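Student: There's a structure below that I have some questions on.
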């Protein structure tokens, strides 16, 4: 018996090794594609696109073929029938999920969606430029239909929007997301109204002026230095749409500079730092498997928002950072930390554009998109009705009505990519950021004094220990529960914003 | 019959399409790897290596598997049994050659060579640092043995050195290379002796001084502008060992700057421009197949050397370019074009180091390496005897004897990579550059006046038409014959150098 067991263990070991080698290949192809995309956004010459598109398409199809090969399925079956535990079981769980999804959708449909989206992108761009929703509507309808078909292949019995949502957030139920978003809507609408009615006079022009690009870049490097970014495993570049990407060995940040928006480049750099810092906290030895990969979009966004908002928009941060900023920009000599703090936290209740929104109104932009795309995908809303519904919701939730579709339902690129189900992860990320920050402070005490001294090791240490080092070891609800002793809740976010903005805007009932 | 023929053509078409799709995939994987290598040399953070090594290894094995798959062999067999002609036949020829080589070498041996070379590199580095050949000798012997074994798998009846040479230069016979190199040795040794004896006093310090890096970079951009580099399909960066890489859509140049070597950065930039300019001349529609890929190392090197030497070290070039250089570096105000020309063509007959050699002595450095590695691989020379033979040859050919192995047989990295057979393509490239330049002038008239005006379109047009646009359509001897009406010959190179240096050094018999 003992011998049989040993043999069975050895054979399980061989199978697992084969399986892991396969998983590493897939991961390496994906990471190579990541470098090609970074290159395309950051350094590729303008006319490189035709070749790059073919290179990326080849890598993507190779990765798909490796994942969906019969051999992968056989290895998964075999491993699942043995008694895997712990890390190995987690790797099998993650690959199984991906395998099931990719094998259930016919490759023809995937290619049709991809081709339709390629075609949709210029149509959307034109429609936005011309403020002409009709020009985009037929393609949008096609994409909605194709994505419903896609969802049906994955699970014909499920709510198709829940299936699409799971592409971005596989382990959080759509019901949880809906519950959180509804709560945000219920609580934020009156809070923003109260701010709108407030007479408080914030120092909103602390960063008014024209700021040189090179100096802004030097300051962005100061920000990253100050937060403890590891330059031996990263770099800073500019990109039209800032992003971060990479692996634990090489996690790069991009940002952008606009002459009249110094504050925007600072907060955007801190945001991208948060993403890269998560990636850098993944264990080296897990590289190439889910154990060395970040959890999904909401958790990733929790890291960028924690640093951007809970650190970068805090009063102590500006006490620490303003003197550094003044060295690059002597014109800030008369700005006080309190003024910088107020400028970084101004609420724009009349803003129509999501990407320009503040920490509060942002979530209403998300709620509106979430409700609309959910209804579209469920078949409860016709494409032609999107502009009116969009505008009505803006009026209802934000008290402002877009005058054009260009600044209304055509503003975001996502739907033209066929991305439905993505937006809510931004808000879930904010909510989780507040929950994690509260848990970290409960564990380690308030970080204010450290932030004021420019010390971030204690906070980052907690994040490394409770979030980063686990990679995809735990499914998201378990990761959250282990880190915070609670399930995902909007409580901490709402507590944070009511306390912060109640004080900033001198609100009676907050 | 007519119908049968039509069906057979249609089926040949389908087979060819399948084949081409396969070839494009392989090419895209290779080009993706090229981007990853560029990234590694130019922008990757220091600690990114472990992940990058895995990514490159995965892409390399995927490419190998796609190429050597049974399906590739079956498609090749089927296409070869049909009556392919022209471009399609050329694509099949090139892929067949690669397929035969890669399928004939066991993958275990390829991996053993790769692992041994990885291990050899630090040993070589240490040996060079310590001037201790013994430290490197056992690994060198291993690599020699492994590469002999490798050659035997490809063709057990052939001279193993000819087989290795064909890895870099598949269509030029080793006999041709030997003939050319022997001729260079015979003619250059007395020419260099005559220069050594000459009393001519060249203006060798025209570029003495300290030159700022940023200004050098600006001047390197001026050089590329001036030569007509297409910035929409390229970029300039710095790298410790300058190279160029990419495709016809995106061919990048790197260079380096040393404070005391302005001339070096200019000539090195022109050299890399020549490589990139060849790549940019490949036809767009051929991307992804051999028709859109450059011919092999000698032809590539002919392009870099044509621009570096025949253009960049010419008197008219300095008449054109010196005023541009003076704008960046006012300290060059008193330098004349004649002095710049002399400085750019100084012969260092006492130099021991290949990468610091001039246009003449360079080839004797190559001849020595060629003779030694050929004898090593053929088993006619023992590894332990390499240092003595090396030093004897330097004394005989160049009249200078290395005092250490660090500045002798340990100076170059190539053998530590297991690269045997590579060096001679540098000299073949120079020889071919002169042959092409002579043919272009025979066709279009001397380019001196145009170069003096900074006009390079006529020369480049000839190269595009006669070399670049063909990609791998013709095997190298055919390409050379079509472009120059001759087979590869050292005549033009020798005519060029005897005329140029005879005049520069005032040599009686030249």
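Cβ coordinates are placed from backbone N, Cα and C, and glycine is handled just like the others.
Please treat TrEMBL annotations as automatic predictions, because they have not gone through curation.
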Student: Which single residue out of B:301, B:319, B:327 does TrEMBL record at the Zn(2+) site shared with B:271, B:275?
Tutor: B:301
Student: Using all protein chains in view, find how many other C-beta atoms are within 10 Å of the C-beta of residue B:275 (Zn(2+) binding site).
Tutor: 24
Student: I'd like to know which binding-site residues lie near chain A: of B:271, B:275, B:301, which have a CB under 8 A from one of its CB atoms?
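Tutor: Of B:271, B:275, B:301, none lie near chain A.
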Student: For residue B:275 (Zn(2+) binding site), just give me the three-state DSSP call.
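Tutor: DSSP call for residue B:275 (Zn(2+) binding site): helix.
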Student: Do any residues at least six apart in sequence from residue B:272 (active site, proton donor/acceptor), in the same chain, have a Cβ closer than 8 Å to its Cβ, and if so which, in order?
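Tutor: Once residues fewer than 6 apart are set aside, residue B:272 (active site, proton donor/acceptor) is near B:242, B:243, B:244, B:253, B:254, B:255, B:304.
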Student: Using the centroid of the Cβ atoms of B:271, B:275, B:301 as reference, list every other same-chain residue with Cβ within 8 Å of it (recorded Zn(2+) site), in sequence order.
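Tutor: Residues close to the Zn(2+) site, other than B:271, B:275, B:301: B:244, B:272, B:274, B:300, B:303, B:304, B:305, B:307, B:308, B:429.
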Student: Report the same-chain neighbours of residue B:271 (Zn(2+) binding site): residues 6+ apart in sequence with Cβ closer than 8 Å to its Cβ, ordered by sequence.
Tutor: B:242, B:304, B:305, B:307, B:308, B:312
